[in-house]
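Participant: Pulled from TrEMBL, these are the listed features:
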type	residues	note
ACT_SITE	ASP399	active site, 4-aspartylphosphate intermediate
BINDING	ASP399, LYS400, THR401, GLU543, PHE590, LYS614, ARG643, THR723, GLY724, ASP725, ARG805, LYS811, ASN834, ASP835	ATP binding site
BINDING	ASP399, THR401, ASP831, ASP835	Mg(2+) binding site
COMPBIAS	503-521	compositional bias 'Polar residues'
DOMAIN	57-113	domain 'P-type ATPase N-terminal'
DOMAIN	858-1085	domain 'P-type ATPase C-terminal'
REGION	443-467	region 'Disordered'
REGION	496-521	region 'Disordered'
TRANSMEM	75-98	transmembrane segment
TRANSMEM	110-129	transmembrane segment
TRANSMEM	314-333	transmembrane segment
TRANSMEM	339-359	transmembrane segment
TRANSMEM	892-912	transmembrane segment
TRANSMEM	918-940	transmembrane segment
TRANSMEM	970-993	transmembrane segment
TRANSMEM	999-1019	transmembrane segment
TRANSMEM	1026-1046	transmembrane segment
TRANSMEM	1058-1076	transmembrane segment
Amino acid sequence: MDDATSQNSAAATPMTRENIPLLNRQQNRWFLFSCWRKWFRPRELRARTVHMGRVNTEKFPPNEIRNQKYNFITFLPLVLFEQFRFFLNLYFLLMALSQFVPDIRIGYPYTYWGPLGFVLMVTICREAVDDLRRHQRDHEVNSQKYKRLSATNGNGYELVPSSKLKVGDIIIVEKNERVPADLILLRTSDRSGSVFVRTDQLDGETDWKPRLAVPYTQKLNRDAELHSIDASFYVEKPQNDIHSFIATFCMTDGSEDTGLSVENTLWANTVVAAGTATGIVIYTGCETRSVMNNSQPRSKVGLLDMEINGLTKVLFFAVLGLSLVMMLLKGFGGPWYRYMFRFVLLFSYIIPISLRVNLDMGKAFYSWQMQNDSNIQGTVVRSTTIPEELGRISYVLTDKTGTLTQNEMVFKKIHLGIVSHDADTFHHIGQIIQKLSGTLLQQQQQQGNASSSSSGSADQKPPMMFAGNRMRRPEGWREWEAVRALALCHNVTPVSDEEDNRSVSTASTVTGGNNSPTKSVINIEAPGSTDTEHQYQAASPDEIALVKWTEQVGLTLIARDLNTMTLQVKTPSEENDILLQYQILQLFPFTSESKRMGIIVRESKSGQITFYLKGADVVMSTIVQYNDWLSEESGNMAREGLRTLVVAKKVLTEEQYSDFEMRYNAARLSITDRVAKVAAVTESLEREMELLCLTGVEDRLQENVRPTLELLRNAGVRVWMLTGDKLETACCIAKSSQLIGRNQGLHVLRSVKTRTDAHQELNQFRRKQGHALVISGESLEVCLQYYRPEFLELATASPAVVCCRCSPTQKAQVVALIQKHTRKRTCAVGDGGNDVSMIQQADAGVGIEGREGRQASLAGDFSIPQFSHIAKLLLIHGRRSYKRSAALSQFVIHRGLIITTLQAVFSAVFYLSSVALYQGFLMVGYSTLYTMFPVFSLVLDQDITSETAVTYPELYKDLSKGRSLSYKTFFIWVLISIYQGGVIMYGALILFVDEFIHIVAISFSALIMTELIMVALTIRTWHRLMVLAELFSLALYLISLAVLHEYFDWEFIWSYDFLWKVSLITLVSCLPLYIIKFLRKKCSPPSYLKLS
């Protein structure tokens, strides 16, 4: 009973703060803390199960490309935060706020709030326009339509923008379309379930990559059946590794369970190269591999802005020091802190608020000039805040594929041992093939007759083509054997698109029907038809170039599947073209370790078995028979920048091949050391092979790449090439583009895996002074892990560096390391999605509008149509932007310093009073109407012409030293300001007679005239707008003298005394400076004046 009563009384007691149990309070705090963590913590990446044909309830990021810096809510706070990070703006905000305190108010509040508000308005408008443009560009990409399978739609699919795609959607990607999200490949238009994709926008590699569909879904008859199966995918959590993937395909009833790898995926920003792919979305937006390899866009602040920010801090301490001196002279009696603050306000014009306005408007003008330069048409400035950075660049980091090269392989040269052919003599090879076609046709007929006559005898075989003693081989056999080897030894497949652009033809004229396992053979109506334009697909563009060349000289690959290959020999009559059929017995693909690929084929009619092998000269030189020309000729081609391949052959008997096949199959079934055993068996064939030819293929460079790189090198800019491509390819392009000079050595850092390896390799490179460095991404990681300072010291001193096999993240890390180690300005140039991180990390990011997409162009601070524009962007526009901004900022500082000197002298003379010399409109008009136009016209000035800047790129070297704006030049302007301010103020005090207003009129007029003359003395190349600005400002001031009776005595203004006094003071303040400038120009002219 008592317990019940106590419980009731406790329940009736009202709950107050004091009697809430401690446990409950802790629970409430924990609840708030957990809510905070839930709302603001970064999203946790987890593995997921994606169901087919079912809506996924779990929420995933939207599939949007976003390069914007702000959204509607964060725009104003972030812009204001970025602006008030600058000491200049924060200082004036405090000064403007102080005018709301009556005791320390000086003049009218608008004299402080007006300039500050104008600065912020200009900045906000500029940032809004820039971000709106980014939004429009993002919207353009996000609005690209894709076919999404729909069970309810009559067509079987619906068109949706890429931004509306969700995890679990099944979409169709056509040929040459960008993959909008990360997909698992379900079906392809090829019956084998394979499709080729281009990944150069993701990893920088030019090779096409084969991708395979999930076997179970590929067997379905139609895409519509994908909605009817009950299956799911269990996929790993999102990560940035583009070379690995783990997932499982499961049927709900357990009938199918298949492991999936990266070969079953289509990553976002890859491009389907041929046919059509159907896939299910597994990652979207910020969880895709391409976005996870990119960094977030950052607000870049130019070096000039940071230097000016440092100078304004010096000026601030000058204001405090000057105010303190005044207080020491005045004494600290009474409310001294009020007088002290008034002096700070009076001298606050020493830090000019108009500096930000002038610089921002100047940057907008520089950007407009870049975009309207007829010599670099197509240039777009996406960030108008850092044009001066282009004038201070010390390192240019560039991508290879699509940036330096066009990614178009061109067959340039073939050497046959006794004769060499190039583009001028390729037609001779074509003529030889046509001459031999008659012999081939005759032998083919003989073989046909022999086959029919020996049909009853299993042992008798038709004669082999060109059989017999080598000495009796017909003329032109070298050319024929080399061309045939190139037409057979490859992994190329001819393709032809149907009208719907979705499927690849499967009909074979020779190898039998529609049951071919790969859709890789072109329809040819008649054997002699030559009207069909052949298209090829392969894992490497080099191989396509070789096959296209054989077609050009008369031997065309027209059909291929997994087991057979058909060649067509062009004859002079073009009616009896010969078809040669080959059975593919073995195929040995190219690997980075072996550096060669091979194929064993059997000619269908003769039965001859031939082993063809092609590869790098380094490995092939030990495989082929002795010769005295291969090493020399391969070196000559390499120096021309050509990618060389050595081609050889070996004829096998049936017994030799049977023995090899038995050993090869046994090695492939081995459980231990399978790779080594297979390689050993293959190498047993690779002995004493007959050398056929040496080929040279050129990766066609972008227009004017060589002269552009030479200009940059002469300008003192070090160029690094960062590419995801192979080491051999990167070295070839570095040589052909002359990134590495002809007289420079090339040091390739071998594979580094341990600390000892890194130590040995770096010591070896240290002994090779003046050599360019080539290093792989893996070796780079090890070197940076153990010897970061030493490696960076050696690399930054090297004339050129090539980093191959670099991931997108590594590219950005290299840029950051250079910035941190050298404190120099960097410029990154790229054209692909794999270059976005590097572009955003660099001080100036330049995107090139490539064939494969606009991601780099959209993310860059500047966008150009081709690499050659970078030279003029740096040498001309970068130089002018930096020089003009340096002159403009120092002159604006001078304008504030001189009027502060006048105020200090006035206050010191008139009993240390904290009274403003110039009131109201005069203070506002001084930095706006009367001097704004002439001072801003300095953005039109130029020290040298465009032709001189390009002809003498060495002039660019001085800019990186920052001598145009330094503490030395700053203090020179301080001395000039003190001298001129003292002359004007003391001159006015000495020459005035009776009224104080005359001091104002004389000193202010002399001040305006001095500023106009100083602008004229600063200008190096006159422009008609500069003359107009000077005359217009002078006219405005003369009108003000007549109109502003509140500040000027009309009668005194029209007197002769006013005229001669102003003229004398102006002459004394400016003439000595003109004399000094003239003498310096004659005795110690700058380098650009010597040239002009």
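Positions of Cβ are set from backbone N, Cα and C atoms, glycine also.
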Participant: With a cut-off of 8 Å between Cβ atoms, can you find at least three pairs linking the transmembrane segment (110-129) to the transmembrane segment (918-940)? Only pairs 6 or more residues apart in sequence count.
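Facilitator: Judged by the Cβ rule, the two regions touch, with the required three close pairs present.
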Participant: So which of 339-359, 970-993, 999-1019, 1026-1046 is most in touch with the transmembrane segment (892-912), counting Cβ pairs under 8 Å?
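Facilitator: Checked against 339-359, 970-993, 999-1019, 1026-1046; highest Cβ contact count belongs to 970-993.
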Participant: Go ahead and report the DSSP secondary structure tallies for the domain 'P-type ATPase N-terminal' (57-113): helix first, then strand, then coil.
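Facilitator: Grouping H, G, I as helix and E, B as strand yields 29 helix, 0 strand, 28 coil.
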Participant: Could you measure between ARG805 (ATP binding site) and ASP831 (Mg(2+) binding site) for me? Cα positions, answer in whole angstrom.
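Facilitator: Roughly 17 Å, rounded to the nearest whole number.
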Participant: Measure from the Cβ of ARG643 (ATP binding site) and count the other Cβ atoms within 10 Å, all protein chains considered.
Facilitator: 22
Participant: Hey, how far is PHE590 (ATP binding site) from ASP399 (active site, 4-aspartylphosphate intermediate), Cα to Cα, in Å?
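Facilitator: Their Cα atoms are separated by 24 Å.
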Participant: Mark yes when the transmembrane segment (999-1019) and the transmembrane segment (918-940) have three or more Cβ pairs under 8 Å (sequence separation 6 or more) and no when they do not.
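Facilitator: Judged by the Cβ rule, the two regions touch, with the required three close pairs present.
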Participant: May I ask which of the recorded positions ASP399, THR401, ARG643, GLY724 is closest to ASP835 (Mg(2+) binding site) if we compare their C-alpha atoms?
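Facilitator: With Cα distances computed to ASP835 (Mg(2+) binding site), the winner among ASP399, THR401, ARG643, GLY724 is ASP399.
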Participant: Pull out the recorded positions from the set ASP399, THR401, GLY724 whose C-alpha sits within 10 Å of the C-alpha of ASP831 (Mg(2+) binding site).
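Facilitator: Passing the 10 Å Cα cut: ASP399, THR401.
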Participant: Would you count the other CB atoms within 10 A of the CB of ASP399 (active site, 4-aspartylphosphate intermediate), including those on all shown protein chains?
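Facilitator: So the number of other Cβ atoms within 10 Å of ASP399 (active site, 4-aspartylphosphate intermediate) is 30.
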Participant: In Å, rounded, how far does the Cα of the residue listed as 'active site, 4-aspartylphosphate intermediate' sit from the Cα of ASN834 (ATP binding site)?
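Facilitator: For the residue listed as 'active site, 4-aspartylphosphate intermediate' versus ASN834 (ATP binding site), the Cα atoms are 9 Å apart.
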Participant: Could you tell me what the rest of the chain brings near the transmembrane segment (339-359), counting residues at least six beyond its ends with Cβ under 8 Å?
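Facilitator: Beyond its ends, the transmembrane segment (339-359) has Cβ neighbours at 86, 88-89, 91-92, 95, 98, 104, 106, 115-116, 118-119, 122-123, 305, 308, 312, 315-316, 318-320, 322-324, 326-327, 330, 885, 888-889, 892-893, 895-897, 899-900, 903-904, 907, 914, 916, 923, 927-928, 932, 935-936.
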